[in-house]
Structure formats: C-alpha cells, structure tokens
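**Q** Input: one structure, supplied below.
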Amino acid sequence: MAITHPSFGTLDDNRIIFFDTTLRDGEQSPGFSMNIEEKLRMAEALTDLGVDVIEAGFAIASPGDFESVQEIAKRFAKDGPVIASLSRAAAADILRSAEALKPAARKRIHIVLATSDLHMRVKLRMSREEVLEAVTGSVTLGRQHSDDVEWSAEDGSRSDPDFLCRCVEAAIKAGATTINIPDTVGYSMPEDMERIFTDLRSRVPGADTVIFSAHNHNDLGMAVANTIAAIRGGARQIESTINGIGERAGNASLEEVAMALRTRRDVLPFANTIQTPKILRTSKLLATITGFDVQPNKAIVGRNAFAHESGIHQDGVLKDASTYEIMTPESVGWSNSSLVLGKHSGRAAFRDKLRSLGYGEIGDNQLNDAFRRFKDLADRKKVVYDEDVAALVDDEVVRGHDRVKLVGLTVATGLGVRPMATLALEVDGERRDGMATGDGAVDATFIAIRNAFPHDVALKLFAVQSVTGGTDAQARVTVRLEEGGKLVDGQGADTDTIVAAARAYVHALNKLLVKRERTAPAEFRATASA
Ligand SMILES: CC(=O)SCCNC(=O)CCNC(=O)[C@H](O)C(C)(C)COP(=O)(O)OP(=O)(O)OC[C@H]1O[C@@H](n2cnc3c(N)ncnc32)[C@H](O)[C@@H]1OP(=O)(O)O
Ligand SMILES: CC(C)C(=O)C(=O)O
Ligand SMILES: [Mg+2]
C-alpha cells in the first residue's frame with residue numbers, strides 16, 4: 001500500500017529509503033571524527049551516491065557538531081537529501097537541532113529515547129509512564145519545528161514488545177512520521193528482527209501511516225542480515241553507514257545492503273535510489289578522510305572483493321566471470337577503464353581515469369592540482385594504478401582548507417648516522433622552518449615539525465600501509481595525535497614513506513586545530529591558534 005510522507009510525497013510500498021548515518025553514528029567510533037570541511041565533502045559524496053536522508057550530526061553535542069549540521073543544512077538549502085539532526089527527548093536538544101537545520105530545504109528532527117527496561121531503569125532512571133510522557137512531549141515539540149520527525153526507540157529490540165507498542169503508538173499520535181526500532185547493541189537474530197516489525201505493523205493503531213525504519217549494529221556480525229530481515233518484516237527505511245563504521249563493531253554497511261538488494265532482486269523486489277557504481281569512490285573518500293582503510297576481504301569495497309588467486313577460480317573467471325562473481329566489479333565502481341596511466345599520460349587520459357573512478361564532479365582547480373601531483377608521482381613510479389590516483393585526488397580534496405601545509409622536507413639518514421630532518425611549513429600563509437635530529441628519520445621529521453610549529457600533543461599511533469604492490473608503491477601513513485583527551489587521525493600518501501609520514505602528521509595537526517577551535521568557548525574561537 002502506498003504511503004504519503006511529508007518529505008517524499010507518495011511512496012510505493014516497495015520503495016526503500018536509505019538513511020545514511022556515517023556523519024553521526026559513524027563518527028561516534030573512536031578515531032573517526034571529521035572536521036566541517038570533511039563532513040561537507042562526505043555529504044556531497046553521499047548525495048551523489050543517492051542517499052535519501054543524511055544524518056549530519058547531533059546538534060547539541062558540541063558547538064562544532066552544531067556548526068557541521070548547520071553548514072550541511074546550508075549546503076542543501078535549495079534541494080538535495082533530507083538533512084537530519086539527532087536529539088535526546090529533551091527540549092534543549094530538539095530546539096538546537098531545529099536551529100541548526102533551519103537553512104535546509106528538507107529537514108528532519110530525529111528524537112531518540114530508550115524503551116528497554118534495562119536502559120530506562122539504569123541509565124535514564126525513568127519509569128515506563130515517564131518515558132511514555134516524554135515520547136509524547138518530545139515528538140509534539142519536534143513537530144512544532146518540522147513536518148518530518150523520526151522517533152527512535154533506543155534498545156528497541158530488547159524492549160518489552162507490549163511496552164514498545166505503546167511507545168510507538170504514542171509517537172505516532174504525537175506526529176512522528178518515521179518510527180525507527182534500533183538494535184542498538186547488535187543483539188538480535190534475523191528472525192527476531194522480522195518479527196518485531198511484523199508485530200508492530202499489525203498491532204499498533206496508525207502504523208499504516210508511518211514509515212518503519214531499521215538501525216542495526218554489528219556486534220554479532222548480523223547488522224546487514226538483520227537489515228534485510230527488517231525489510232522483509234515491513235521496514236521501508238534502512239539506516240546504514242559507508243564501510244559499516246559506527247559505535248563499537250559498527251552499523252549495517254550501506255554498500256552491502258545496497259548490493260544485496262540489487263543482486264538478489266529475485267527474492268528482494270525493492271526499489272531505491274543508490275547509484276551503485278559510486279559506491280567504491282565514496283568508500284575510498286571516507287577511508288582517506290578518516291585514515292582507516294577497510295580490511296582486504298571486506299565485501300564489495302575490500303581490495304580482494306573481486307580478486308581471484310587460485311587456479312581453478314582463475315580458470316573459471318577467464319572462461320566466464322559469472323562462475324565466481326555474483327556482481328560485476330564495475331557495478332560497484334571498480335574501474336573498467338583500459339587506460340594505463342604513466343609519465344607520458346596527459347590531462348585527457350587523467351580526466352577519463354577520474355571519470356571511470358567516479359570523480360565526475362571534480363572542479364578545474366582541484367583537477368589541475370591533482371594533475372600536477374599525478375605528474376610528479378608518475379616521474380617516480382612506472383605505473384600509476386587506480387588506487388594511486390584515488391589516494392592522490394582524495395588527498396587534494398581533503399587538504400583544501402588546511403591551515404598548516406608541508407612545503408619542503410629533506411632527510412639525511414643512513415647506517416651509523418643520526419638522522420636529521422630539515423623542513424618548511426606554511427602556517428596561515430607564513431613560512432616557518434624547522435630542523436631536528438631524532439632516533440629515526442620519522443622521529444627527526446616529527447620533532448622538526450614541532451620546532452617549526454610549537455605544540456604539545458602525544459603521538460598515539462603510527463601505521464604504514466602500502467597503497468599498491470612493488471618497491472615504488474605509495475605508502476599511506478596514518479598518525480593519531482592526542483591533546484587533552486581529544487584524538488585525531490591524519491593521513492598522508494607518497495612514494496616516500498617519510499614524506500607520507502610528514503603529510504599524515506601535518507594532516508592530524510590541522511584536524512586538531514579545527515577541533516580546538518570548534519570546542520573553544522565562542523569568545524575565544526576567533527582568536528584560537530596554536
Ligand atoms: C544510541 C546512540 O547512539 S545515542 C547517541 C550517542 N551519541 C552521543 O552521546 C554523542 C554526543 N554526546 C554528547 O556530546 C554528550 O553525551 C551530550 C552533550 C549529549 C550530553 O552530555 P552531558 O550533559 O555531559 O551528559 P552525559 O553524556 O554525561 O549523560 C547523558 C545524560 O543524558 C541522559 N539521556 C540519555 N539518553 C537520553 C535520551 N534519549 N533522552 C533524554 N535524556 C537522555 C542520561 O540519562 C544522562 O542524564 P543524567 O546526566 O541526568 O544522568
Ligand atoms: C540514536 C539511535 C538511533 C542509535 O544510534 C542506536 O540506538 O543505535
Ligand atoms: Mg546507533
């Protein structure tokens with residue numbers, strides 16, 4: 001049966017709404033925080049990917065979160081996806097979300113309140129009656145600020161079914177237009193999930209006037225299976241994240257749900273707006289921004305997702321790829337461009353490669369900067385692989401607003417020699433030089449950065465990965481810095497591991513500066529500096 005929704009109009013019963021929470025639940029995982037520019041970049045990529053709703057943040061959580069939601073709302077002031085902000089069942093939270101969302105063309109206030117006996121007793125210290133009153137009060141207030149209100153029953157899957165029905169009924173009566181039943185701690189089995197939605201839809205008065213939504217966590221590795229089960233039970237909105245990032249073991253991964261729906265249309269006859277060929281580049285952009293690659297065997301976007309090494313499989317794939325591939329690599333964005341890039345390639349080939357990798361919308365300035373860096377890389381590397389190009393362009397996009405830039409680095413090192421680094425930074429346009437010796441070339445480089453731009457932080461993680469194979473491969477370095485309990489990750493890629501390390505450190509430093517500014521009291525924010 002078709003349903004009418006304030007943000008989407010009339011929706012066919014087989015239409016699945018993709019609600020992306022990479023920027024909210026995804027960002028809640030340690031080390032995954034993003035600055036405003038990075039969130040805007042991700043929001044644009046998610047829009048390009050075709051998601052229906054972007055949960056941009058939790059407006060009351062910090063001044064920075066408020067600003068991120070507001071900036072994303074401004075970016076989509078004329079059209080675009082529905083922009084959502086999370087709120088507890090508290091007036092201050094709801095008003096803060098409403099304020100941040102004001103500029104958006106389409107907005108959603110998302111209100112959450114736990115309904116399981118455990119959470120109500122231990123965490124909220126509220127009785128069932130108090131929770132019911134809070135559902136009614138908060139959703140009523142939400143509706144005074146937006147036609148589109150989502151109500152979530154935190155820990156819904158572990159809640160008493162009868163009480164959950166009463167809460168959902170109260171939320172619908174107060175005007176909620178989407179009802180989300182999260183499996184907050186990833187406890188459910190698929191059959192539980194299907195039953196929860198079937199029961200609610202058959203038992204709650206008014207259930208046929210709202211959209212039911214599933215939000216599954218992956219603590220037992222069931223998030224995607226549970227999401228599919230929820231759809232079978234009647235959920236028509238699914239909440240997921242790119243690469244499955246999120247609290248603890250993460251959320252259902254958007255790319256896995258989208259490809260399950262596409263690949264198994266025979267048993268899942270549903271429609272959605274996800275442009276699956278854009279999946280890989282969105283996944284890679286997130287990995288570049290956060291500094292965390294997915295594991296090689298990750299479904300859909302892992303390096304090995306379409307790789308075949310054993311002879312029998314290779315023989316099969318050579319005869320007909322469908323013997324061992326249930327979807328084509330191109331359908332999720334792995335390149336099918338036959339052009340091999342190298343030092344003799346020009347702008348046309350570079351642009352073609354970017355298009356085939358899904359970077360259709362890149363601006364001229366970014367293209368020119370990326371092309372310059374590509375030429376520089378091609379001088380040092382025989383073949384520039386797709387992964388190299390993606391690392392290089394994403395690096396360019398992510399670094400666009402940095403206050404501190406690495407402009408020069410020389411390192412002298414060797415057997416029996418104390419390594420020495422000499423470097424130049426540009427800080428807000430002003431050149432600063434630094435020089436230092438250290439226990440190793442990386443140590444010397446990091447001390448030289450601190451000499452050029454004094455700051456007091458702790459290095460918590462230093463990790464090196466190779467972007468492709470071979471001795472001329474680019475190294476991708478991740479650096480985690482800590483300041484006053486705040487953690488940030490920076491990333492850098494280069495054929496020279498020390499240069500990649502310096503880039504990663506400087507990237508982390510820039511994130512820290514943004515974080516410092518975002519959390520400083522308003523009167524200090526204009527003047528905050530290192
Ligand atoms: C399942 C989820 O993912 S929910 C979203 C989780 N995300 C986050 O928490 C990230 C952002 N959070 C924050 O920045 C902070 O926790 C804030 C700003 C929201 C609140 O900070 P504080 O005021 O210092 O409270 P603190 O975090 O210590 O405790 C949470 C309080 O909210 C209450 N609370 C928790 N959930 C809800 C809710 N849904 N509705 C109303 N109150 C709630 C708790 O009972 C607790 O209240 P108490 O201090 O009276 O015991
Ligand atoms: C805020 C809610 C939807 C949530 O993230 C959860 O319960 O996991
Ligand atoms: Mg969650």
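Numbering starts at 1 and runs along the chain as displayed.
Note that Cβ sites are derived from N, Cα and C of the backbone, with glycine treated the same way.
Found this in TrEMBL, in case it helps:
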{"type": "DOMAIN", "residues": "16-280", "note": "domain 'Pyruvate carboxyltransferase'"}
{"type": "BINDING", "residues": "Asp25, His215, His217, Asn251", "note": "Mn(2+) binding site"}
{"type": "REGION", "residues": "405-530", "note": "region 'Regulatory domain'"}
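Explain the structural surroundings of these features, please.
**A** Taking Cβ-Cβ distances under 8 Å and a sequence gap of 6 or more within the same chain, the neighbours of Asn251 (Mn(2+) binding site) are Thr21, Asp25, Gly26, His215, Asn216, His217, Asn218, Ala223, Glu239, Ser240, Thr241, Gly244, Ile245. Asn251 (Mn(2+) binding site) falls within a strand when secondary structure is assigned with DSSP.
Averaged across the region 'Regulatory domain' (405-530), pLDDT for the predicted model comes to 85.
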**Q** List the other residues in this chain whose Cβ sits within 8 Å of the Cβ centroid of the Mn(2+) site residues Asp25, His215, His217, Asn251, in sequence order.
**A** Thr21, Pro182, Thr184, Asn216, Asn218, Ala223, Glu239, Ser240, Thr241, Gly246, Glu247, Gly250, Ala252
**Q** Cβ neighbours within 10 Å, counted over all protein chains: which one of the binding-site residues His215, His217 has the most?
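**A** Highest number of other Cβ atoms within 10 Å: His215.
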**Q** Around the C-beta of Asp25 (Mn(2+) binding site), how many further C-beta atoms are within 10 angstroms, looking at every protein chain?
**A** 23
